[in-house]
Amino acid sequence: MGNMTVKQIEKSVEGLDLDKALEKLYCLKAEFGDRVDKIIEKYEKKKLKYEKELNRYLEMCIYEKEAYQRGYKLIAGIDEAGRGPLAGPVVAAAVILPQDVFIEGLNDSKKLTENQREKLFDVINDKAIGVGIGIVDEKQIDEINILNATKKAMKLAVGNLKPVPDILFIDSLKLDDINIEQNSIVKGDAKSVSIAAASIIAKVTRDRILREMDKKYPMYGFARHKGYGTGEHIEAIKKYGICPIHRVSFTKNFIV
């Protein structure tokens with residue numbers, strides 16, 4: 001063992017959790033001295049980063065912790081994606097996370113890259129107790145307005161969620177005609193892990209729908225802007241007119 005190289009030392013701690021890796025490295029330092037210092041420094045930085053992320057995550061668990069202390073067991077976070085775009089549906093998600101789960105990187109979907117959201121989408125679906133999705137299309141948005149369509153999508157998401165939750169954490173809204181206690185949290189996607197998880201599920205689900213629509217209507221660039229009112233999108237509407245997934249009530253000002 002006394003002739004181990006730096007690479008061999010590093011390989012010997014691969015796969016261990018950070019505390020066990022550091023414990024082993026501190027022991028190896030007595031034998032290998034300076035050869036271990038850079039590896040120790042690397043793992044200490046990893047641990048600091050992990051602890052910082054864990055503390056951030058725990059700050060987003062405050063609402064959940066209070067609800068658990070009050071006796072609630074199944075907390076569903078609810079959020080939507082797609083209230084503002086000129087095209088496509090509004091999508092809502094309802095997510096119940098296990099009480100002690102730690103999903104590293106979980107955050108408000110708007111603060112994440114597309115690649116981060118896609119990875120977290122799979123992790124959330126794997127670890128969640130339940131996930132429900134509700135989709136309201138552009139025609140219904142035109143008929144009942146975007147606020148009512150958003151609430152309808154959220155109700156559909158709750159209806160598709162199993163098991164039935166004890167309480168709903170909703171980002172900024174209250175829902176009518178639902179016989180479950182609700183807690184409306186302003187900017188909840190940045191304050192509650194349950195709502196943040198729902199925001200990611202809703203956003204990724206909607207983005208995938210718009211990428212599919214891009215194949216059908218490639219001239220609008222839906223895969224890039226996801227239906228939002230970018231300069232590219234508005235110019236395409238002026239040039240080609242609207243397509244079947246455009247919201248008439250949102251695009252009438254751009255139609256010549």
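Placement of Cβ uses the backbone N, Cα and C atoms for every residue, glycine included.
Keep in mind that what you see is a predicted model, and the values were worked out from it rather than measured.
Feature list (source: Swiss-Prot):
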BINDING   Asp79, Glu80, Asp171  divalent metal cation binding site
DOMAIN    73-256  domain 'RNase H type-2'
What is the number of other Cβ atoms found within 10 Å of the Cβ of Asp171 (divalent metal cation binding site)?
25
So what's the average pLDDT for the domain 'RNase H type-2' (73-256)?
97
For the recorded divalent metal cation site, whose residues are Asp79, Glu80, Asp171, find every other residue on that chain with a C-beta no more than 8 angstroms from the centre of their C-beta atoms, and list them by sequence position.
Ile78, Ala81, Ala92, Ala93, Met154, Ile170, Ser172, Leu173, Gly188, Asp189, Ile195, Ala198, Ser199, Ala202
